[in-house]
Amino acid sequence: MGRSESQMDITDINAPKPKKKQRWTPLEISLSVLVLLLTIIAVTMIALYATYDDGICKSSDCIKSAARLIQNMDASVEPCTDFFKYACGGWLKRNVIPETSSRYSNFDILRDELEVILKDVLQEPKTEDIVAVQKAKTLYRSCINESAIDSRGGQPLLKLLPDIYGWPVASDNWDQTYGTSWTAEKSIAQLNSKYGKKVLINFFVGTDDKNSTQHIIHFDQPRLGLPSRDYYECTGIYKEACTAYVDFMISVARLIRQEQSLPIDENQLSLEMNKVMELEKEIANATTKPEDRNDPMLLYNKMTLAKLQNNFSLEVNGKSFSWSNFTNEIMSTVNINIQNEEEVVVYAPEYLTKLKPILTKYSPRDLQNLMSWRFIMDLVSSLSRNYKESRNAFRKALYGTTSETATWRRCANYVNGNMENAVGRLYVEAAFAGESKHVVEDLIAQIREVFIQTLDDLTWMDAETKKKAEEKALAIKERIGYPDDIISNENKLNNEYLELNYREDEYFENIIQNLKFSQSKQLKKLREKVDKDEWISGAAVVNAFYSSGRNQIVFPAGILQPPFFSAQQSNSLNYGGIGMVIGHEITHGFDDNGRNFNKDGDLVDWWTQQSANNFKDQSQCMVYQYGNFSWDLAGGQHLNGINTLGENIADNGGIGQAYRAYQNYVKKNGEEKLLPGLDLNHKQLFFLNFAQVWCGTYRPEYAVNSIKTDVHSPGNFRIIGTLQNSAEFADAFHCRKNSYMNPERKCRVW
């Protein structure tokens, strides 16, 4: 046998020979058939399960959404008893307010995350950066350069003081140096024209409410050193803030005197700063309460400058105050001359009337002490550590915070606030998914359509006013994401900041440069037309806006992210998130303020008398409802139903419109797959996602502050108030009648 025919065995050649095979028994045959059948069934089941649709979404985005919702909620709470605790109970257990924060919420977490992105893009050196971006990065570096800031102490401020007529309490010869030539017109104007600081009289150039294509000079009451006029009672919950405020003044005055090697007389410092407090108390009491300033028709008082002089004569230091000289002191800085025939708008006639007897009681020294202080207190945080620390007790009394915000966070926000388009460019390039713009455009179209359709449901509004409301809704312009120019037009962006030149080791001077630049730009607008295409917000902002003068809604790139929006998350969440926000902003065009402006943004009464009266009646229901909420964190104070009315109307309108738009979506596209791990349908998920946007809590000090200053209701009451008025919510969660979340009386405006 040739080699090629040899065989390789796969078994050992010594293996025993097999016996002759026996036939299978009936039992073996039966068992084999059974095994075969079971195998076929198992394979079939596996195949079926692999392709079986159980109606649950198993994508990674659905799993992420479900995990977030489950983590935030407390399913042990009955949703019809307290939907805030049901939706946010888990969030409240897991989250503690950071020592640097006055409040903490899902909104604040998104802002924190945005700040991290800003930090990353602002500190990254790139040789290919355009000039505008280079300037933003230099400004950021100057702000975080703490060694340079600390080494300079208070010297940058000391150099500036002569330009604002000094600070009497911090110098030994003020009466001789400035007192003899001091005039109220020059001193008040200098702070305003150069630095945009409005003390005693709030002079500003803004859009003419009744002719929104033009700018006009306005006179208004000023902001105060404490958060609201209520604080100046200085008793009870406000006592600590008043004490800390005066101590803050004294501490800074002491530091400035020390830096100049001037003697320190504690009694004199205390005497002068308490006099400042006394003066500011009188000014606070002269201001009109916010709830009496919410009708733009009543606020608008147009007259000539000559008429202003006749109607509101003031006397300071025994001399008549010249409104013409004061106005020209400011406007001459931008080479604009104002004649007595110039028309101006007075927003605060009552305040200007009450100001007269106050000014006659105080000396130039007292007035200058207040004015300089109000400017200095804004600048303390840009000086060395010892100046920053002088503010600690004051910050604690107002905000409850025991630590300063991290320097990089404060600096990222500062640069974003002052160079919003340059920073917006960096943010968009780093973090914004451009395709979401088209999805949001479609959502706006849907919700606008729902708003118009629901006008037919309103029995309190007549046909004539409904037609005008529809015209206004159709005319609302939308801005989504960011202005194209910040990416595509480098020259325009560079030119916007052409006059600004920052130095890395001169943060204080950079701040002053920004103040001057911003105020000069605003004053020059007096003889310019209003640019209605201009965005009213930067791109790197977690918020949304409505402008009554432009009839424009804005959704910056910063808010187009979960939980508000994602092209990959369930649409119930998108409609309950950004959908509600869209409805909210559209409704602002028709709230107690926005309803007074027409489709072109002009302050014009387009309502019939009957519809206007009915609107006020419908609104009164919400004033009463929200005004009845008492807030334990604010010492049991009741919310102000008048000051929060516009936001409450917008919340209620927004949730209703977004829900109806989602129902339309389901009719057209069918039901969505459910989310895993949640025994909730998509109607319920819509309301749950809406509520979880507002999960959060406040420090008691800041609750006391915000209940007087914030036009929004606190988050828990935004959830409860809105959903108590929603029959659709009660239906979705099967809430019995007269349960807490389903009261018999429901408020509805839109």
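Positions of Cβ are set from backbone N, Cα and C atoms, glycine also.
What Swiss-Prot records for this protein:
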- GLU585: active site (ACT_SITE)
- ASP651: active site, proton donor (ACT_SITE)
- HIS584, HIS588, GLU647: Zn(2+) binding site (BINDING)
- GLY2: N-myristoyl glycine (LIPID)
- 29-51: transmembrane segment (TRANSMEM)
From the centroid of the CB atoms of HIS584, HIS588, GLU647, the recorded Zn(2+) site, which same-chain residues not already listed sit within 8 A by their CB, in sequence order?
TYR546, GLU585, THR587, ASP591, GLY646, ILE649, ALA650, ASP651, GLY653, GLY654
When you measure from the Cβ of HIS588 (Zn(2+) binding site), which residues in the chain that are at least 6 apart have a Cβ under 8 Å away?
TYR546, SER548, ILE553, GLY594, GLY646, ALA650
Among HIS584, GLU647, ASP651, the one of these recorded positions whose Cβ has the fewest neighbouring Cβ atoms within 10 Å:
GLU647
Under 8 Å between C-beta atoms and at least six apart in sequence, can you list the same-chain neighbours of GLU585 (active site), or say none if there are none?
ALA544, PHE545, TYR546, ILE553, VAL554, PHE555, ALA650, GLY654
List the Cα distance (Å, whole number) between ASP651 (active site, proton donor) and HIS584 (Zn(2+) binding site).
5
